[in-house]
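Input: a single structure, listed below in structure tokens.
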């Protein structure tokens, strides 16, 4: 199973002070050196963390695939066509949300997305849609021309609250959805809310049907804690 490392929250720390550090570009290069298979970043409309220049530099400097998460807006499509990431993942976006709260409703946007995606497909960019593990959404994703889906795994988090039955049921839902999507010619990825605490069981149960995980916040959080001693010693 491949790992896509999301560097958004390196930029979140930087933007808290509107300064130049820490750099998500440096983080992307370190992730690549550490063995990541892909760099994922979300250029939001409000630019709350990743900035346009981050995307441009990461695409220019890393030698592994770049996955651009973006809302289905005209502005973002223009940026994607200019920068040419290896993949775009369409996600829903609300300015008031802290993070992406759920999957894209492809069913209700079906006709619009068919037209929206045409130039991106013609440019040779892989198209992935971030959706719930739902058969209707999978069918719609195939119909609009997606190459892949990324299943929203946020509801798998009850494992961390010791609600094991709920977590097992969510794994079952994700497995069924992944199999259904693969049978219809879609590649299957997954992400959101995966941590060091719950990812091992996820991989063990789904490695035969899910090709790739995209993980960011948990990696950044661990880096802050486990790199803190070294950083303090270097300052002293």
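Cβ coordinates come from backbone N, Cα and C, glycine included.
Going by Swiss-Prot, these are the annotated features:
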| type | residues | note |
| --- | --- | --- |
| BINDING | 6, 17, 193, 216, 217 | 3-amino-2-oxopropyl phosphate binding site |
| BINDING | 8, 9, 44, 49, 99 | 1-deoxy-D-xylulose 5-phosphate binding site |
| ACT_SITE | 42 | active site, proton acceptor |
| ACT_SITE | 69 | active site, proton acceptor |
| SITE | 150 | site 'Transition state stabilizer' |
| ACT_SITE | 192 | active site, proton donor |
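Checking each of the recorded positions (8, 9, 42, 69, 150, 192) against residue 217 (3-amino-2-oxopropyl phosphate binding site), the C-alpha distance stays within 10 Å for 8, 9, 192.
Counting other Cβ atoms within 10 Å of each Cβ, the lowest count among the binding-site residues 193, 216 belongs to 193. Relative to residue 8 (1-deoxy-D-xylulose 5-phosphate binding site), the recorded positions with Cα atoms inside 10 Å are 216, the candidates having been 17, 192, 216. Counting other Cβ atoms within 10 Å of each Cβ, the lowest count among the recorded positions 8, 69, 150 belongs to 8. In this structure the alpha carbons, written CA, of residue 44 (1-deoxy-D-xylulose 5-phosphate binding site) and residue 192 (active site, proton donor) are 16 Å apart.
Take the CB of residue 49 (1-deoxy-D-xylulose 5-phosphate binding site) and look out to 10 A: across all protein chains shown you find 21 other CB atoms.
Within 10 Å of residue 216 (3-amino-2-oxopropyl phosphate binding site), as judged by C-alpha distances, the recorded positions found are 9, 192; the full candidate list was 9, 42, 69, 192. The secondary structure of residue 17 (3-amino-2-oxopropyl phosphate binding site), as reduced to three states from DSSP, is helical. Spacing of residue 193 (3-amino-2-oxopropyl phosphate binding site) relative to residue 150 (site 'Transition state stabilizer') is 13 Å (Cα to Cα, whole number).
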